[in-house]
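Chemist: Marked as transmembrane segment by TrEMBL: A:17-36, A:83-107, A:114-137, A:157-178, A:199-222, A:259-277. Feature annotation from TrEMBL assigns domain 'ABC transmembrane type-1' to A:79-277.
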Amino acid sequence: MAAIDPSNRGLRLFARYAVLTLVAVIFAFPLVFMLVSSLKPDDQLLRDTASLRAFLPVGDLSLRNYYAAFDRAPVGTFILNSVFVTGVTVALSLFVCSLAGFAFVFLRWTGRDLVLSVILATLIVPFETIAIPLLLVVSKLPWIGAEGLTLGWLNTYRVQIVPFIADGLTIFLFVQYFKDLPGDLIEAARVEGASNWQIYRRIVMPLSGPILATAAILKFLVMYNQYLWPLMVVQEEGRRPVMVGLQYFFQLNRAWGEIMAYLSLITVPVLAFYLYLQRAFIASIASTGVKG
Amino acid sequence: MASRLSFSNRAGWLMALPGFGLIALFVILPFVLAFVLSFTNQRLVSPNPTEWVGLSNYQSLLGLGVLHLEPERDEAGQVVTDENGAPEYPRLRSYTRNNPDYPHLQGKSEWFSFDWGNGRTYVLASDVVFMKAIVNTLIFVAVVAPVQAGLALVLALLINQRLRGINIFRTVYFMPVVVSIVVVSLLWRFIYAEDGLLNNLLSGLTFGAFDGPDWLGNPRTALGAIIGMSIWQAVGFHMVIWLSGLQTISPTLYEAGAIEGASRWQTFRYITWPGLRNTAVLILIVITMQAFALFAQIDVMTKGGPLDSTQTIVFQAVQRGYGKQDISSGATISVFLFVLVLSISLLQRWLTRERR
């Protein structure tokens with residue numbers, strides 16, 4: 001493979017792009033199929049799967065499936081529930097976990113190292129192994145609200161939010177990031193008499209843009225795509241999120257066009273968000289690969 | 001650094017407590033509870049008080065027994081055969097139902113059997129479905145971990161080229177990762193249907209010679225189909241992690257390699273691969289942990305069927321703990337899963353340790 005013959009080079013470049021494109025087709029085609037099918041009536045949709053027409057926006061195209069999906073299930077409620085639960089969890093998680101990260105990196109207190117190692121140890125506990133006992137815990141937890149003291153968190157928003165606010169990975173990411181911040185800056189602020197809260201609020205947080213974005217994106221993906229947990233703890237229609245709402249489309253007469261419309265509705269915003277912020281998305285996944 | 005830290009117990013605890021408290025309540029407590037509950041008969045809602053039951057949950061979940069049977073013989077000592085000429089064996093029921101000579105087989109049923117010597121050996125399990133769930137989960141992990149890690153590395157190497165427009169390809173390869181596995185599973189039900197996209201494609205490519213099965217409805221292909229789709233969905237995730245590992249390798253090493261006239265394979269073998277060592281260990285452990293949690297695909301695509309060919313450990317835990325509201329049984333499965341995941345991660349770590 002010494003000197004490259006120029007006539008060969010064009011060919012090799014072509015081959016490289018051909019391979020890259022073929023792989024891209026494999027990754028894109030189910031999503032293209034989803035979007036295209038959501039515009040087709042059921043009989044055409046099923047007929048088209050026999051040919052390449054499955055991936056082409058041809059034939060009788062309309063938004064009818066989308067209207068029908070809204071008629072069949074409280075789609076708007078599901079979407080609002082998901083947006084609310086995801087948004088609140090992300091915001092609280094950023095605050096609680098960054099605060100803890102601050103305490104672990106910039107403050108010295110009795111028990112600090114022990115608490116941190118306990119939190120890091122939870123990283124090896126997959127959620128699926130605690131889901132069932134957690135179900136028992138939340139079914140017994142008390143809450144003081146408008147109706148006074150109540151027992152049990154099932155069928156609420158808080159059961160979808162509170163257990164996911166703090167997690168080992170997010171705290172770990174903040175700790176790693178804070179360790180690399182210039183310590184002199186914090187020291188200088190302390191000398192000038194700034195309180196811990198002021199240092200957190202005025203110095204550390206403004207420097208934490210990248211890690212806040214990373215933590216927010218990771219939490220967003222987890223929360224928006226929640227399935228197992230809401231399936232178990234929310235039976236009430238008015239509180240269910242989008243992924244669980246899918247069940248409504250499998251009752252009685254199954255309409256594939258409506259299913260495709262619903263899938264598109266709940267997926268396209270995430271895809272658009274990803275395409276818009278793709279560098280940040282990819283960087284946040286890459287950061288979970290920091291050797292822990 | 002220590003001198004810069006101010007010693008402040010009050011502020012430290014105050015700031016760490018919301019996060020630590022939530023983790024203690026929603027991760028550590030349920031984790032400890034899983035162990036405790038697995039020794040009880042706790043149900044989600046029950047009028048009767050909860051009782052300690054010792055190891056009986058583990059026995060009814062994991063109990064195994066072996067029984068070796070000789071073929072039946074007639075008075076002349078000849079082996080009794082059925083119309084196909086196969087030897088006949090005594091009925092298993094006579095050993096597993098109220099047989100005082102075989103108390104350890106009480107209530108167990110056949111998991112599988114094989115010919116051994118002059119007779120047939122039966123392996124009996126208290127919970128045959130759960131045994132199948134364990135085997136399926138292990139198959140899933142054993143295939144997905146190496147294949148997904150390997151494909152992700154191939155993709156990362158493809159994407160790591162200096163080519164115009166390479167970012168577009170990276171964006172597309174990563175796309176399935178941001179799509180919910182629930183959505184992906186539903187879409188692939190179309191692809192795997194008997195008259196679905198995959199069979200139409202295969203029959204088109206082979207000019208009609210290939211007549212594909214109903215992938216998810218056939219016990220021999222269902223698990224494989226789910227494996228294929230799961231890899232498709234998650235491989236972009238690990239591609240990105242490999243990619244960040246690739247980018248930590250110093251370009252001067254590659255320059256040195258080029259000067260020495262290293263071939264492409266030699267460059268990969270002696271420069272790239274050693275530089276990816278830590279990434280490789282991490283990816284293997286992460287994929288293994290994720291693979292053991294297999295649930296949503298099963299719930300959306302097959303519900304464990306056909307013929308229990310896609311039962312998995314987590315699916316069983318949810319079916320019992322939530323579906324039948326039998327918390328103690330679900331907790332026992334959880335403990336079993338945790339011990340399994342932990343021991344396999346430790347084994348992987350030990351096998352991939354740096355030998356000096």
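Glycine is no exception: its Cβ is also placed from the backbone N, Cα and C atoms.
Note that the structure is a prediction, hence the values are computed from the model and not measured.
Describe the structural surroundings of these features, if you would.
Modeler: Listed by sequence, the residues of this chain that lie at least six past the ends of the transmembrane segment (A:157-178) yet keep a Cβ under 8 A from its Cβ atoms are 81, 84-85, 88-89, 92-93, 96-98, 100-102, 104-106, 116, 119-123, 134, 138, 143, 204, 208, 210-211, 214-215, 218-219, 222-223, 226, 229-230, 233-234, 239, 241, 287-288, 290, 292.
Listed by sequence, the residues of this chain that lie at least six past the ends of the transmembrane segment (A:259-277) yet keep a Cβ under 8 A from its Cβ atoms are 31, 34-35, 37-38, 45, 65-66, 68-69, 73, 75, 78-79, 82, 217, 224, 242-243, 245-246, 249.
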Chemist: Which residues of the chain, 6 or more past the ends of the transmembrane segment (A:17-36), have a CB below 8 A from one of its CBs?
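Modeler: Same-chain contacts beyond the flanks: 54-57, 260, 263-264, 267-268, 271.
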